[in-house]
Amino acid sequence: MKRFLLCSFALVLLYPAGIDMYLVGLPRIAADLNASEAQLHIAFSVYLAGMATAMLFAGKIADQSGRKPVAIVGAIVFMMASLLCSRASEGSLFLSGRFLQGVGAGGCYVVAFAILRDTLDEHRRAKVLSLLNGITCIVPVLAPVMGHLIMLRFPWQSLFYTMSTMGIIVGLLSLFILRETRPARLAPRDLSRSSPAAESLVNRFFVSRLAITTLSVSVILTFVNASPVLLMEVMGFSRGDYAITMALTAGVSMVVSFSTPFALGLFKPRTLMLVSQGLFLTAGVTLSLAHTNTVTLFGLMLICAGFSVGFGVAMSQALGPFSLRAGVASSTLGIAQVCGSSLWIWLAAILGISAMNMLIGILIGCSIVSILLIFSVAPNRSVAEHEEIPYQSRS
């Protein structure tokens, strides 16, 4: 079991590392490529577009050919794309590399969740996904710090050499440590309830959890996207203050994420999901009424706590009905989350909504819609249970 957890964590970490590690070098990258920082900020959207593109195909391929091949190819693509970014001499080539980085990270991301669905029952899966969320919260803090330390002595290209090395490590783990987890067969008693036809993506429960997780990701990505403007321009923080604040928010996320598995032993998953949305609603109201930086910071901490306590539980419930189509289900969730959050951020920018109002709007909207869905759509207890996986290969 440890090998699956290790590989799943490594596969997921490529996604946030690809977002956060290069940001500290953005001014130098822009100068060397004769582009403005504003022009290169589109690299974030390009990266997410690459992820969404990979997710369109990775899940189905993983269900048909196995998790391991997709993980290996995704890691190789991420590694090669990182090298392409490091060799870029102009903006379009750099953005092409960023798109391909997203493709590699997206494939690995989908496989990680499919592996956890294959190998864990619902109760343990919710706990592990909460821990995984806590570990990924470390990356937005450590990646910029690591990038800053690297750039003290080396050029910005070294940031992408580091990401390329991460791709190599993940590829080696996938090749030599990861075992195939795709179910080879099901017992006859499970065929009727776990056939591909029975595991339809168009059912009320899956769609409800897809909506909840998409709105939750939209909240956290809106916070990440709006945080520089909100903290440094609106609240007047320095770059150092900004870094400290983001470290504190990540710390809150880690503490809550690592505490959630213990909470699952005491409370029902639905209770934690309601607490999550209650924290989002409280954060939205707090930010809308805030007149001091202290109150605003408190509202931001509530956002991180709300996401951490509920996202893993909701993702576990969303994947629960799927054993034969875990890859497709994971892809669908990933695409919805990436595209939904990007659409909200883009629409808010087009409409000229301020950073604060953008954040307040998604917080209140997410909480109201999600609470209604949690109360109106309960888990279907007849869904397929976790299967013991007959390993197809020991390689």
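Residue numbering: from 1, along the chain as shown.
Just so it is clear, glycine is given a Cβ too, placed from its N, Cα and C backbone atoms.
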Are Gly66 and Asn357, as given in Swiss-Prot, on the same side of the membrane?
-> no
So, by DSSP, how many helix, strand and coil residues make up the topological domain 'Cytoplasmic' (316-332)?
-> 11 helix, 0 strand, 6 coil
Stretch contact, the transmembrane segment (217-237) with the transmembrane segment (358-378), Cβ-Cβ under 8 Å, 3+ pairs | yes
Give the one range among 42-62, 69-89, 131-151, 158-178, 358-378 whose Cβ atoms make the most pairs under 8 Å with those of the transmembrane segment (271-291).
-> 358-378
